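According to TrEMBL, the feature signal peptide maps to 1-18. The annotation domain 'Sulfatase N-terminal' is assigned in TrEMBL to 27-352. Annotation source TrEMBL lists Ca(2+) binding site at D35, D36, C75, D285, N286. According to TrEMBL, the active site annotation covers H138.
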Amino acid sequence: MSALTLTLFSAIICCSLTEKPSTVSSPNIIILLMDDMGWGDLGVFGQPSKETPNLDAMAAEGMLLPNFYTANPLCSPSRAALLTGRLPVRNGFYTTNGHARNAYTPQEIVGGISKDEILLPQMLKKKGYVSKIVGKWHLGHRPHHLPLENGFDEWFGAPNCHFGPYNSSIRPNIPVYNNSEMLGRYYEDFKIDRKTGESNLTQIYLLEGLEFIQRQTEARRPFFLYWAADATHAPVYASKRFLGKSQRGRYGDAVMELDYSIGQILSWLKTLGIDDNTFVFFTSDNGAALISAPKEGGSNGPFLCGKETTFEGGMREPAIAWWPGHIKKGTVSFQLSNVMDLFTTSLALAGISPPDDRTLDGLDLTPVLLKQSTTLQNRPIFYYRGNELMAVRVGQYKAHYWTWSNSWEEFKKGINFCPGQEVPDVTTHDQKEHTLQPIIFHLGRDPGEKYPISVLTKEYQNVLSGISPVVEQHKKTLVPGIPQLNMCDVAVMNWAPAGCEKLGKCLKVPKSEPLKCDWPH
């Protein structure tokens with residue numbers, strides 16, 4: 001986004017809005033969801049290079065949540081959890097093809113978000129919200145799974161990760177959509193230079209977000225913007241202006257551009273005079289992908305391991321809440337919170353009752369955010385991998401009932417989710433069950449999960465007696481959803497998305513060959 005473009009935007013608004021928009025009862029909602037960005041990637045969380053001035057300023061103007069978690073250590077399930085307010089094991093975004101296996105939505109996946117689920121934009125329509133997703137969807141790419149079939153009014157982005165480039169006769173490049181039709185494909189029409197890392201996608205996403213905010217402000221309609229940029233997911237990319245600027249290499253370049261873009265969005269809200277009527281929340285879908293580090297992966301700060309694991313580095317996320325005039329500046333809340341809370345909290349802000357025909361896992365955080373409640377809500381954090389409950393956090397304590405990083409077979413291929421962080425009997429390459437004697441850590445004293453509390457101590461016994469009933473109750477009442485991520489088929493790939501005919505980009509669909517998906521991790 002050039003300074004000239006922003007100047008033109010400002011001129012348009014000055015001419016079209018002769019007075020400050022009146023505050024409506026339902027605030028605008030913006031969720032900024034990063035991709036594979038780690039807790040330790042922000043200056044405010046201690047990143048030494050201090051290259052996130054806009055996010056650090058956002059924290060200074062709002063609230064920092066150091067104990068914020070995702071619902072799964074992988075992209076698709078965490079996004080499904082955010083938009084449904086439910087654990088992936090409830091909303092169906094898991095697999096039963098193997099024990100404790102992470103699964104997501106590559107383009108050969110048959111499934112996607114279930115029609116039985118209710119998504120946040122569907123609920124927000126009750127109060128007249130207009131909703132747009134910009135960036136990565138990742139909840140299924142078949143027509144009935146796409147955003148406009150699941151409550152969103154607008155979409156600019158892609159249904160899958162920007163992997164590639166691919167050979168069109170074996171695996172098609174991923175399409176980029178404008179609403180219900182494709183505009184082109186990654187690497188063909190939307191360039192990502194794998195050698196240099198250059199791509200202007202983040203700038204395109206920024207422009208889409210700013211333009212949407214402008215239109216809804218002019219129309220005086222409440223809006224929900226889900227801005228899901230993916231530049232920090234390998235292969236990482238940045239526009240020419242940012243390449244080579246970071247001390248951290250290409251990954252840092254991508255972080256700097258995202259930080260700049262978020263700064264532009266917040267500045268735009270102030271320019272339009274709607275900052276005091278817009279709730280903004282920043283976070284990430286899962287921990288940094290240490291398997292791609294250091295060139296294309298981030299930092300999880302003091303936490304153990306990263307993406308794909310249920311150690312802290314895989315599921316503890318950076319999180320900032322911002323709403324001038326409503327959220328007190330420079331505050332920090334240690335409330336245990338989760339990406340699923342954004343569903344329930346957004347409904348509360350909009351004045352909408354949550355659905356009462358299903359179990360919701362998200363809490364309403366408005367007492368913490370708006371009233372600075374110092375009384376923390378007593379809630380557990382559940383760490384799932386597939387349909388297996390791997391660990392539980394209650395208060396400062398975390399109990400591991402299963403440990404596993406990845407298999408010896410994968411590890412010997414060079415796939416390492418915990419590089420330089422091996423902890424004996426904890427970061428195991430065999431699936432180890434500890435149900436009868438969980439491994440317990442005090443995360444305040446030991447955020448890196450390196451020093452298990454001795455089972456012989458009174459502290460261990462007291463903690464176990466408190467956590468065990470929580471686990472028993474959870475398992476007793478859990479009704480798993482139908483798994484959506486079990487089946488794959490080459491015929492369902494993005495061969496001929498809607499709109500391909502107009503562009504001459506339809507590809508021949510191969511013979512259907514359904515099979516169980518292979519999930520190695």
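Glycine is no exception: its Cβ is also placed from the backbone N, Cα and C atoms.
All annotation found in TrEMBL is predicted automatically rather than curated by experts.
Sequence features, as recorded in TrEMBL, placed on the structure.
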residue : record              : contacts (Cβ under 8 Å, 6+ apart)
D35     : Ca(2+) binding site : C75, K136, A228, A229, D230, A231, T232, H233, S284, D285
D36     : Ca(2+) binding site : C75, T232, H233, A234, S284, D285, N286, G287, A288, A289, S292, G297, G298, K307
H138    : active site         : C75, S76, R79, Y104, T105, P159, N160, C161
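Averaged across the domain 'Sulfatase N-terminal' (27-352), pLDDT for the predicted model comes to 98. With every protein chain in view, the residue among the binding-site residues D285, N286 whose Cβ has the most Cβ partners within 10 Å turns out to be N286. A Cβ within 8 Å of the Cβ centre of D35, D36, C75, D285, N286, the residues given for Ca(2+), is found for these other residues of the same chain: M34, M37, L74, S78, D230, H233, S284, A289, K307. Within 10 Å of the Cβ of C75 (Ca(2+) binding site) there are 27 other Cβ atoms, across all protein chains.
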